[in-house]
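Summarising the annotation, Swiss-Prot assigns repeat 'WD 1' to 55-93. Feature annotation from Swiss-Prot assigns compositional bias 'Basic and acidic residues' to 112-128. If you look up Swiss-Prot, you'll see 112-138 marked as region 'Disordered'. Taken from Swiss-Prot, the feature repeat 'WD 2' applies to 640-679. Per Swiss-Prot, repeat 'WD 3' is recorded for 682-721. The repeat 'WD 4' annotation in Swiss-Prot covers 724-763. Summarising the annotation, Swiss-Prot assigns repeat 'WD 6' to 809-849. Annotated repeat 'WD 7' per Swiss-Prot: 850-889, in sequence order. The repeat 'WD 8' annotation in Swiss-Prot covers 892-931. Under the heading repeat 'WD 9', Swiss-Prot lists 934-975. What Swiss-Prot records for 976-1017 is repeat 'WD 10'. The repeat 'WD 12' annotation in Swiss-Prot covers 1060-1101. Under the heading repeat 'WD 13', Swiss-Prot lists 1103-1143. Residues or ranges marked as repeat 'WD 15' in Swiss-Prot: 1186-1227.
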Amino acid sequence: MILQSTSLFCKYINNCRYINREIVATLKASPQGLARIKQARSDRGWSVDDFRWLELASEILGVCWQENGVLAAGISEGTWKRFLAGKQAINAEAFKAYCQVLGLNWEEVQEGGRTKERKDTGTSRQEKFLSSSHPHTDWGEAPDVSIFYGRSEELDTVKRWVTQENCRLITLLGMGGIGKTTLSVKLAQEIINSEKIYLSQSPEYIIWRSLRNAPPVEDILAELIQFLSGQQETNLSNHLQGRISLLLKNLRSSRCLIILDNAESILQAGDRNGRYRAGCEGYGQFLQCIAETSHQSCLILTSREKPQGLAKYEGDSLPVRSLPLTGLQEQEGRELFNVKGKFAASCDQWQVLISRYGGNPLALKIVASSIRDFFDGDVSQFLEVSQQGTFIFDDIRDLLDQQFQRLTTLEREIMYWLAINREPVTLAELQADFVANIPPRELLESLSSLQRRSLIEKSAGGFTQQPVVMEYVSNHLIEQVCEEMREWGLVRSRGAEEQRSRGEKIHTQYKLNAALPLTALSTPLFTTHALIKAQAKDYVRESQISLILQPLINQLITEFGSLENISNCLVHILSRLRGKSPQETGYAGGNVLNLLHHAQVDLSGYDFSGLTVWQAYLQGVNLHDVDFANSDLSCCVFTETLGNILSAAFSPEGQLLATCDTDCHVRVWEVKSGKLLLICRGHSNWVRFVVFSPDGEILASCGADENVKLWSVRDGVCIKTLTGHEHEVFSVAFHPDGETLASASGDKTIKLWDIQDGTCLQTLTGHTDWVRCVAFSPDGNTLASSAADHTIKLWDVSQGKCLRTLKSHTGWVRSVAFSADGQTLASGSGDRTIKIWNYHTGECLKTYIGHTNSVYSIAYSPDSKILVSGSGDRTIKLWDCQTHICIKTLHGHTNEVCSVAFSPDGQTLACVSLDQSVRLWNCRTGQCLKAWYGNTDWALPVAFSPDRQILASGSNDKTVKLWDWQTGKYISSLEGHTDFIYGIAFSPDSQTLASASTDSSVRLWNISTGQCFQILLEHTDWVYAVVFHPQGKIIATGSADCTVKLWNISTGQCLKTLSEHSDKILGMAWSPDGQLLASASADQSVRLWDCCTGRCVGILRGHSNRVYSAIFSPNGEIIATCSTDQTVKIWDWQQGKCLKTLTGHTNWVFDIAFSPDGKILASASHDQTVRIWDVNTGKCHHICIGHTHLVSSVAFSPDGEVVASGSQDQTVRIWNVKTGECLQILRAKRLYEGMNITGVTGLTKATIFTLQALGALR
């Protein structure tokens, strides 16, 4: 918020009126001044019709501003536009106010004006402040300080420390409201603008960040590293010290100025020793390294207390220093008062007033409002009253106490909500927070009152509070809720004896208060305010938890003695809520549920039936047997059943987001609330791509079932299914007129379809490999297609002719996108690059390098200025299309990023990943706004121990589960992997289990202890398969990095790397004698390796798609393979001849297994079946039906009597080989197992379907 300080202007106006009668009443900008006005407006990103100038100008002129758009007296939209046009002179007062709004000196921009050196007012370079004009600045949420008073001595001191004396760490200390933040921003601005600082002394990078919401130190370090490395560091260490070391590397190589504001937020409240808040201890390690390690950069902290451990590094001649800030001087304080209006006081009275409040700028602003509103600007009257002791001031909190006591009930409620929201909120958002319906007029009046008192601020984003005010109100909220809970049945602790007997006293108090009606406690904040908002932006909700909810729990523990007592109290509150109306109970039910969860109470079996439960955040929370029958669950957030998500698209108006995944579903979400609105079911295999029609009425999807489907966005009904492709369909795109749809397929063709009747209009041929993506040009005349043949083809849509083939990539071209202005085409490739093309000429204009893995998806922003890319390296990069540099790298996904999409307004980015999450990002700040997470316990690989005792299953929940398969009893889980587990194998002696994961590691586990004793880390991509050598001393692993590795399990040493496959290795098997190893690959081949020499001694080719598994028969004479071409093949591997092809599956075949005698073969398929085959005849004996999702694996028991199968329906099934009957179903408890949602309200049908899939009952 702009520091409101305009006394020079006010003095000038008064002097003009009463002294200098000859002053000109109108002013006009000179041509040079007009250019500066336009530049200043452009730097702020304001359009001519932007109304943010209105509020600021109103404040400066001292007239009332209104939210509803009514212009204040003397200020009109026409005057503002005439000022910007510069053709006519306008009212002098308005001219000066408008200049001040833009941070300009009116004397220098007026016609016939003068230019002079200025000290603290706007400078020629100040206009560009908070813009992107400096090539290496990132201001984050830094406030505008274009209006600034005094502090010249402090500025000079700190500037000297930074630029001349090479200080590494500087702490600006002072009480809340003293001006630390403003000084830090002004300092950075002056360093940029100063012509007296030599280039060698000036920082090359300046970054400003606020710690107000206590972000994890790892997140702050990631932001700093990305910025200082020019977005080149993508592989950040998961360890704190690794990130610190990487940051120090950048601080040594370049001169950097880092400013971290509000550092008191990471310190324990009320602790003058500067100890760190729980969870923020890593900041101490970070600051220690900055202080004691040699580098050429400077970190500036602003804080109310000095962080612990820094004092020992400080000294007048040492590179670590601190500067305590005191209040403003008298003259500076008087100028601040002038912003608020007219005040009458003698020099002595001014001195007394400013001295009494220590020159604290925030305190003076608040007091000025009181004097203006209650004493008509008469300082002497105020001083007379204050001498009676009603305005005692030792700390800013004292002043806020006095102000808070004088607020109306509605004003207090607004203050609480602004503290909870943590960032600016609009009037509509604030109104929606209230349980009661507050008329907009009353809300506006209260907001206006609070704004006049300087208790709240208004920015372009809405209403908020200064950090010191927000902290005060948050603490007040916590104290008030604690008091309310005591009134509801708890007693205050009074010494050790009472602490010991608290349980009995609590019980007694329950009896005493049991008869009290809920309304007897007035209107508790516990019911009127949500302690956290489940649907808030992710980073806001995390700060609500760490700064409101968790401190409240800590205080309750102090009050009540134990978590059990807290739990008892909350249960008692629930009983008092039941039977009351939503208006009476408000947010209490949701608050109880959130408190119980974050107090780590096991919620199993809790009764929330018949209650209003709003704003409960329940993603990832076990709710086994919880009763929500007949409850109102509005605004609650639950876990989703998302698979690996492959694509995302915004609707044309930006209100909806569609996603599709490997669960064969298309989902439609409401962006603002995060609600799941629709689940479109109909595809029979992975859904690869989704896109909205230009009018937003139709959703098109395509997938591995070779179909394209059209859905009604209104109700999720499938309108048409377009058939004709003979392979997976990877991409679809609507023509701009919405009448034609293009589809790209693995059958190497593109088809154009008529949307109305579903007929295929044209089939475009020319690519020699899978066509991965299609996109129409903005004018609809050209279609671009990209393929696995490394090329891009441009087609004339009307004639179906190939106009041009673009060749430059060296890998699959996975994505293409036209810029909105139609000037360029971008392409993303498996060669890890992005290329920008002039598609009219075929010239490659630029190649973007930075990703360390395949680029899967790209998208232009609506204004064509930014290109976004998503990659297999798990990052999202934003590229400036004018400078062609990476301006931001977004981290957070833990697996490959498959799809990226800009919202229509260009402000939000949607990204989806194989980590089963959808994330929305703020494009400007890089903050994650919202994330939807899937929770599915897929059973991926299964394996019997050779001793028949245990069945193991690997899951996408990152664990290996051990089962007593004969009884169906779950034994335990092996935890340690950080991603999906795709391969498991037992050692021949059953003592060791190996697991392979998409976290690129292989782990070896001791089955008896459940401990991991070896981690193998040399693969550079997902590890799909692991197998033990028959002698048990060596394992082989296969990876998406296209290599097979052989390992010594005792030492963890990699013995050999076999690397002749051209695509990922999906399956492996040893020959019974251990001499050969077979590897199955997505390159459609099986290779046979001599394990002693590492040479490839044979290749089996015959499948027409990815080969998922290859296994030797027990006698070693034949090999069986399976593929996504829906077949199983039997081979004479010595001759390289296919003996049989087993057909019958109607979808991909993922896994096969021989019975111990080699006579039977089992196969697992995406068609949800297991088939039992006679190896000799090739006939199918049994089709085992029961799974409700794809079957990913099969394994025979050592005695060959049963087969186990693992499925994405989250079950393992045991089948009788002779009969095909299902004998046993093994399933771990799902997240919401047994949760009763009978009669619930506030949830969409899609969400209810999801809850049922996770175990809920209805």
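The backbone N, Cα and C atoms fix where each Cβ goes, and this holds for glycine too.
For the repeat 'WD 9' (934-975), the number of residues in each DSSP class (helix H, G, I; strand E, B; coil) is 0 helix, 25 strand, 17 coil. Below 8 angstroms of C-beta separation, residues 535, 685-692, 694-696, 699, 701, 703, 705, 709, 711, 713, 715-716, 898-905, 908, 910-914, 916-918, 920, 930, 932-936, 1189, 1208, 1244, 1246-1247, 1249-1250, 1253-1254 of the same chain, each at least six residues beyond the ends of the repeat 'WD 2' (640-679), sit close to that stretch. Below 8 angstroms of C-beta separation, residues 643, 662-663, 936-944, 946-948, 951, 953-954, 963, 965-966, 968, 970, 1147-1148, 1150-1157, 1160, 1162-1170, 1172 of the same chain, each at least six residues beyond the ends of the repeat 'WD 15' (1186-1227), sit close to that stretch. DSSP labels the residues of the repeat 'WD 13' (1103-1143) in these numbers: 0 helix, 22 strand, 19 coil. Helix, strand and coil content of the repeat 'WD 10' (976-1017), in residues and according to DSSP, is 0 helix, 23 strand, 19 coil. Per DSSP, the secondary structure of the repeat 'WD 12' (1060-1101) breaks down as 0 helix, 24 strand, 18 coil.
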